[in-house]
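*Asks:* One structure, as C-alpha cells, below. Some questions next.
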C-alpha cells in the first residue's frame, strides 16, 4: 500500500475516533459550572453532589458527566442529580358519542371531538415527552355556511339560481346535520379607478345599455348567519348585479372581512364553511398600487352598516395573510369556480389548508351538489397544526389512522377518509433542546385545521436542579461568603472564580499566582495539562471520560502507562501517575509478566517438561529440538513424518486412509500449500523444520515439512502436486510400430523390385545372346505369293 494512502487512512481513523468521542461526551464539552447548566446539556448528563467527589486538580465542571462515568468515578447513585421530565393531564373530557336522531341535543360548546383538552409537560433538555391525542368526528355536528358571491355583471344568470339556494341547501344539509345556519355576502371591486369607472353616471349604474345595475361596492354582508332558509331566499332575491372595468375581482378583500368580522357574520364555534363563488380571477397584495393604494391590509374588521368601508384605503391582502386569518378563525373555504379559472384556484387551494375547489356550471345550477361534495371532502380529512413553538422546542407527529395505517413526518399530522363516528389517534412528542431565555413556562396549542376545538399544552422547563433550592447563600465554604454552596459545589458570585470562589477575576493573570502553578524550577504552568486559577491548577478534561489528569500540578494521568498487546497495563493493572500498578500475580512495566507457573506445567507435571524455564508464564525451551507451550513437541524427532503422513495426505489431496475422518482427526495443524519443493521452508535455529517424503497408495510421492511456530501453532507446508512414476506413452509406441511396419513393407517392395530388375536384365541379355547365335535362311519361299496385283488398262496411251 502507498505510504501516503496509509497515512491518510490512519489520520482519518484518528479524526473519526476523536469525532466519535466528542459526540458521546457533550456533558464534558459543556464545561458546566453548576448543576443547572449540566442538566440542560442533555438527558444523559448528571451532576455529582458529593462534596468530596473532586480530586486534586479537577475543576468544578468535572462533576458534570455521563451517569455511568460518574458511578465509575465513585459517585453514589443517591448523590447524582438527574431529574426527569413528566406530564400531567389537566382536562380529559371523553369524545362525544351521539347521533342525529338521538334525544340528547347538545350545545355546540358541549360537543367534544378531541381528547385530551389540556396538559402540562415538564421538559428536560434532550428528553422528549410523548402523549396520545384522540380525534373522533362527531355525528350531527353543527355547521355554519356563508355564501360569498361575485355580483359583477358576468354573474347575472348565476344570481337567479342562487336566489332559491337557501331552502334547497337547508333540505340537503339536513341530511348531514340538524343544526345548520346559512348567510350571504357579495363583492365586486374596490371603488376607485382603474377598477371601476368613477364618473357620476357609472357610479350610479356601472352597466351599459338599458341594463339596470346597482352601484359598485367592495364587499357587502347581506345576511348574517341564520337558520331561516326562506329569509335567505328573500334577501338574496332582492340583490342586483353591479359592474367593474377589469377582469380580476376584489374577492380577497371580502374573504378577509368574512374571516375577521366574526360578530357581524355570526360565526359560532362549530364547523365554519365559506363558499366563494366567482367566474373570474382575483387581485392580491400589490395590485392596489394601480389605484394609488399602498398601505398593506391590516387584517382587521372594517364593516359599517354591513359594508366594507376601507377598500379605498388598504391594499388587497396577500395570500399568506389570508391563510393565517382563515386558519386562526377555523374557516374552511370552498371555491366554486367556473371551468375557465379552475387551474388558478387549484394552485390557490394548494396554498390554503383545508380548502376545496369545485367546478361551477355557467349558471351555478350545480352549486348545491358542489357544496355537498366539497364538504364531504373537507370533513373526511383531519390535519393537526400547532401554534408557534418556543425557541429550542421541537414537535413530531405520528398518526394512527383507519385500517392500521401509520404516518410519519409530514404525513404524521393528518388522517384521510374519515367517516362520521370514526376515531383516529396521534402520538405527539415534544422535546426541548434548551431552556428559554425568559421565563420557565410557555403555552402552545394544537388543533385540527377547520375545527374550533384545541389542545392547550403548558410547557414547564426543568432548568435547575432540586438540590439548588437547598443552597446556602454567602456560604463560609465559598471563601468568606463569596458564593452560594449548592449541589456539593460553590456557585461563585459575579467577579469571583475558583473552586471555593477564592479569587477575583482581576487576579487571574497575576504572575505571583502563576508561580504557584509551576512545579520546581519548571517554566510550564500546570505541566501544560491545566489552567492556573487563583494559584491552583485546574486540570484539563479529556474527551474520553475514562482518561483524566490529576495532581497538584496536573503532572499525573491515567492513560500514559506502558501497554502490552495495545492494552493499557496489559489489562492486568491500572495506570496511576504514568506507572502501572499491577494486579496480584503480575509484574513488569506493563503488567504483562505472569508470576503463575501453572501454564508452564507439562503433561508429566514437570515445569516445561524439564527441557526449559518458565518466564512470565511462558516456557523458554533450552533444548533446541523441543518446542511448544510446554517444550513437549519435537518436530525433528524420528517418526514425525510417519505420524502425520495420513492427515497431510487427506487434507492436501483428499486421499489416504483418513479421507473419511479427515475433518474430525486432522484439524490440529495449519496447512499451507506451495508450488514446488523449492518453496518449502528451510530449517532455522529458532524454528526446527522436519522435511518429509512419503508415498501414497498409488506409488506417488508427496513432499511436506512439519514445524511449530512461535505461537505454538503446528504448521505443515506441502507441495501441491504429487510426484508419480510415468507410464508408457502409447501413442508413440503405436506410431512407431505402424511406422516400422510401413517401412519394412516399403523395404521389401524395394528389394522385390530390385530382384525383378536384375532378373529381367539377365533374361534380356540371354535373349540377345541367343539372337546373335541364330542363322536364318534368306531364300524365297516357294509358296509365297504377293498380295499385290497390277492391271494395265489397254486403252491407256500414256498421255
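The backbone N, Cα and C atoms fix where each Cβ goes, glycine too.
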*Asks:* Which stretch, out of 684-706, 707-729, 730-752, is listed as transmembrane segment by TrEMBL?
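*Replies:* In TrEMBL, residues 730-752 carry the label transmembrane segment.
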*Asks:* For residue 415 (disulfide bond), which residues of its chain lie six or more apart in sequence with Cβ-Cβ distance below 8 Å?
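*Replies:* Once residues fewer than 6 apart are set aside, residue 415 (disulfide bond) is near 135, 381, 382, 399, 401, 402, 405, 407, 424.
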*Asks:* In whole Å, note down how far the CA of residue 591 (disulfide bond) lies from the CA of residue 75 (disulfide bond).
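*Replies:* So the Cα of residue 591 (disulfide bond) lies 28 Å away from that of residue 75 (disulfide bond).
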*Asks:* With an 8 Å cut-off on Cβ-Cβ distance and a minimum sequence separation of at least 6, pull the same-chain contacts of residue 575 (disulfide bond), or say none.
*Replies:* 557, 558, 559, 560, 561, 568, 569, 581
*Asks:* Of the disulfide-bonded residues 64, 580, 582, which one has its Cα closest to the Cα of residue 478 (disulfide bond)?
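*Replies:* Closest by Cα: 64.
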*Asks:* With a 10 Å radius around each C-beta, find which of these disulfide-bonded residues (261, 580, 600, 637) has the fewest other C-beta atoms nearby.
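*Replies:* Fewest other Cβ atoms within 10 Å, among the disulfide-bonded residues 261, 580, 600, 637, is found for 637.
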*Asks:* Nearest to residue 539 (disulfide bond) by Cα distance: which of the disulfide-bonded residues 261, 593, 650 is it?
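*Replies:* So, of the listed disulfide-bonded residues, the one sitting closest to residue 539 (disulfide bond) is 593.
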*Asks:* With DSSP as the reference, give the number of residues of the domain 'Integrin beta subunit tail' (641-729) in helix, strand and coil.
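*Replies:* So the counts come to 20 helix, 27 strand, 42 coil.
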